[in-house]
Structures are given as C-alpha cells and as structure tokens.
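According to TrEMBL, the domain 'FERM' annotation covers 1-69. Per TrEMBL, domain 'Protein kinase' is recorded for 234-494, 535-764. Positions annotated as ATP binding site by TrEMBL: 568.
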C-alpha cells in the first residue's frame, strides 16, 4: 500500500547518484529525496534522463507550492530561473507584490525591485520608490532584451551586456522617470519562500513565509520553556573544562519510572556565578533547545535551578569537532568534512524553517557523535548557543570575530537567521583549513578593522568551496543564501556522479507507458516498523490510568544518532484494550494533515505482531500540549495568535470530517504545539469512523465516553427529591475520579479509559 512520504514544503534536499548496481554500463541512477526530519525516499531509475525527469517534476512542484526562487538540481533548473538568480531578479511577480515588498522594506527613496515582466518573459521591469511632497510613490521602467542578447531601457538607445551592467550605469548616472530624477540606493532582492502571485496556496494552508525574521528579542523568565530537573536526581563526575560563561562536567541522571530505576549519562553545564547578569540569556538558550527535536541537535533533558543553574544535556562522547580535527590533522579526508558540514547545514535549515536563530555557530559548538571510520559516515550534533550575542559587550563580541556576523557588532540586539549563515561560512572555513583561525590571534582593534574594511578569510584552493564560503559570509545579510540552497551547493561538491550529471546523454527519453514504469521504488525495510530493542528510553512525557507516553530515541546504530520519537503504550493490555489500541493506530496511520500529529509507526515486542507489547510511535513535539502551553505563555499570546490556533484546529477537524472520522475527545490537553505558530490534533483513543451509509455514530459499548458519566452525575444532582441529591463531599471524589479517568497525559496527551466503566454511577 502506497503511503504519503511528505508534502513539498517538507523537502530539504534531492540528490542523484549512480545506483549501487552491478551492470555492464552502470547507468542506473538513485534519486534520494530528504525531508526535514532526515527521513529519505529512494527511487532507482534505469538511466540519467529518467532520473532527471523525475527530479524536474518534484523541483517544479516545489517552486509552485513553496519557493518560486529555489531549485534542487541545477541540471533541471529552468534557464530563466538561473538567469534570475544570477541577476538577483524576481520572477514575473505583479506590480502589487513589488510595491508591497518596497513598503515592507520601509519605502526608502531609491530602493527598487527588479522583476521579469508578467506579460513578456524576455522583458524586465524596474519598480523604484521615489519621494514626493505627498509621500512615497512608485515608478516603473521597462527593460528590453535585444535580439543580440543585450539589454536597454525603453526610451534610451544605449545597450548593456547584462542587467547588472545596466543597473550599475543607473546607479552612477541616475534615472529619469516621468520627469523625476531617481537615484538608486538599494536593491530588494528575492528572499526564500516569499509570498507572491507565483505561489499556489493549497486550501486550508497558510502561504510560505520568508526566512527573514525580526531580530530575536529577549524573553521573560516566565515565558521560557524547559523541563525542571531536581538536584537530587543528578550525579556529578569529573570536570571536562569550561566555556566563556560555564563550567562543564560529566554526570548521570537518575530517574524512577514505574518503580524501575533509570540511569542516563549526561553533560552538566553550570552557569558560572560570576556571570549572573547573563543568566536570563543562558536560560533562553535552554528554552530554545527544549523547543526543538532534531537528530543533528543536542538533546536538552532540562535545567536544574537549584543553586547555580545547570543545563542537563545528552553526553556526546567524541566532543567538539575542532578538537577532533586538531588531533587528526591532515588524516581527515575532504569527503568526511563535506559530510560534517552538510549535516550542520541540515541542522541550521531545521532552525531556519522554524524561525529560530542559533546565534553562536562555530566548530566548537559542533559535537561528534560518531567518528565514521568504519565505513559509516560521521555524525554530528549542534550544541546549544549559550549566551546570546544580543547581551554581550562589544569586547566579548569582538573576541568572537570572525564567527559573529558583522551586523551583530553594529547593533548588539540584532540577531537574525542571517547571522547563522555568516557563522556557518566561518565554520566551513575552519573545518576545511585544519589550522587555527588566522584572525583569532589578532588584537581587538585589528579584528574590528577586518570587518570595517570588509575583508574576507583566505580563500581555499577549492574554487567551488571558496565561493560557497564567500556567499555565506557576504557583508550584506540579505545576500546570504538560504540553508536549502547551501545544501544544494554542497551536493554538487559531494556527489561522485557530478561529472555525469553535468553532461547528460543527449536525446529524448525512450517511449514508455508512464513515468513509474522505468522506476524501481524500494526500501531496505518497512520504515514504519520500529524494533523495540532500538527504542532507547529518555524520559516519561505523560501517564494516565491505562497508558503512558515516553520520549525515546530510535537508535538502531547504538551510537545516539537516532531520531527522537514519542512512544505510546498500554499499562494494562487485555483483549479489549488491545483491540481499541489497534483501532486507534489504524485511524492515525490513515490521517495525513499538517494539523494532525504524525504517525511514525509501531513497535512489537517478543512474540507475534499484535500481541501484548504493541506500541505506537509518533512524532515528538517538545512544546507539549496546548493546555499547558497556554498556561505558561498566556501573557504574551494575543488574540490573533489564539485565533490562529483555533483556525488550525478547525482545519484539522474539517480534515477529520472529510475522512469520516469523529474525534470525540477534542480538548486543549489533546492539542500538541509544534511551534508558536502551529498546533496539531492528537489522541485518537476515542476516535470512531462513521459508517459509509450514515452521518452519525451511535455509541453502543459501555464506558467509552466521559459524557455518559457526566450525564449520570447531572441526573443525580437534578433529582426531584432534595434527599436524593448527593452532597458535595460525595460529589468531590466522583468528580476527581472522572477527571483522572479522562484527563490523559500532561504533555503528549492520550485518553485513559477506565476499564469496563458502567453507565450508572453509585455513590458510596
């Protein structure tokens, strides 16, 4: 049975390689599609033309639905798109979107948008903001391409070899538009995921948003999100060193779950008492890491607030990658380094998609979880950012040159996603150079002069790598590429099949009955079956009367590189409970919506599938349930944000209705928070599917809904005779039992149904 793999906005990367197939010509190609959580889909094609045809199809739909300026593979990118990217030109957006972009940029006089004409794709339009006595106005110029390929402004005879040359001439000599002299000052270039008429928005979904977000602002302590860990559960071992503001120790965390003692090796990062003024920023970093769940990000177990605040993180045994590279010297091949920086780009792309700046990207923040010397690739995890640049003094920021972005020095409060691109470029240079960063030894004045003169790090001999570093470390933040684009460019460096891709075999595709006739889709094993032995327990997310949800890492390689998942299991698994649980799994498995928690798979213990040890594996959403989220953040959630949550819940319920599914237990405790702008419906323990011939469902089994118990209580309270009405002292325990039986888990909520509960209630 075919299962949906992902929607187009979830695609991060598409690569083409020679398939590992023994054959006379070795022409088979393997296309790998990677989604945001690093899950992959592989398709094998008999030749390069068929593979490119498939990639072109996916590539085109991604531009149509998500980002009109992005392409995954240069070999299939439309020539007009490549021209637009090279010239920093928008596609054929309408005048309304061009003016709106200028307004969003502040309507600065002389700012302009270069765009392809929606009416004539060989012509271009220059929309410029001009200042008039009545305020900002917007003028337009038409640029045409001559038959010889040169460009000229309509009304002027002088031609130019490129759009950039034409615009440079306009910058120098000015423009005369409708009798108004215009001096160009700044170009509003295309941004990733910009809203425009080029994007087709699916019904029930918000349009994509640009990654350019407002600088990160400081949070109040009451608004931060992290799990608090008691001091008596921590065991302290040797000191591992110190950071700028912290002391670091190896340790263990002890936890009792259902009477069983669990012991987890952890890293303890203690805030130095001398830097209490940075405590809030330290806890902000903890809050950031507690809201994300990604395999290339270090897992934060929580924070111990007793005494000096302590971050409790997973322990990554091989330590920071800068230390590792210094030890290994030139023994580390370039292919190994490319894998490392690509994984770092994946982690930063994940944060970029969520609008979360890291703010402290460097090789010492990249931890090595797996060395990759036994034939397997290396595996890295990005650690917490620590104290934000937004609260550091100029002296401390200067010390972080060249990893800190120049704009952070000019305005200390500026911390945007674009700053991470600069830090990434410096980290790539650091990883590939194998030497100490040359600027780090300079005195502060010379470091600042380096930025003031807009100098660059020494370029590596590898030209393509040098260009990537230069693009990431552009002094104008808007010029830096998105991390999706960075991943694409890294693929061109990694792929051993690149020279073949650059020279595809000429000729049309051989005639076939359909696209998929020539493709072989396969997987090494069923990705929805999770082996129980590889589910490593981390912590309990919630517990009810008859079930629990745990945070686990699915780690088949046994090296702490697996993905985090939420695992639901029954406490008591009689035949009736097993049947209901299997029905819940089948319902969730069939649901595919942005507003429904994602089914990942199931896990079976010893014995035949479907026996006592059945477990449901779901995506892990670290922000927990909406009920608790609202309690923590009510003060800063305005009406528009609450309406957004309500709208998303309605869209999720509308989808359930279209699938003839009745949830029957919709409550804030059963809504999970993916981010501050996205919630999902969870807990389908009471869900039912409507019969095909009816638009309603009749509950026939006893005790399946708390509404029955509530109704019985109401009838007793409304008894005609006052003597028959229960006292409040009697009602209290019954309501407590009712509440505990229906409330579910505190974080990953599920319904705990009292076993065999009758419709009528007796009062003792």
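Cβ coordinates come from backbone N, Cα and C, glycine included.
Unlike curated records, TrEMBL annotations are generated automatically.
These figures come from a predicted structure and were not determined experimentally.
Per DSSP, the domain 'FERM' (1-69) is made up of 21 helix, 21 strand, 27 coil. Secondary structure from DSSP puts residue 568 (ATP binding site) in a beta strand.
Counting Cβ atoms from all protein chains shown, the residue listed as 'ATP binding site' has 25 others lying within 10 Å of its own Cβ. If you take every residue in the domain 'Protein kinase' (535-764) and average the pLDDT, you get 78.
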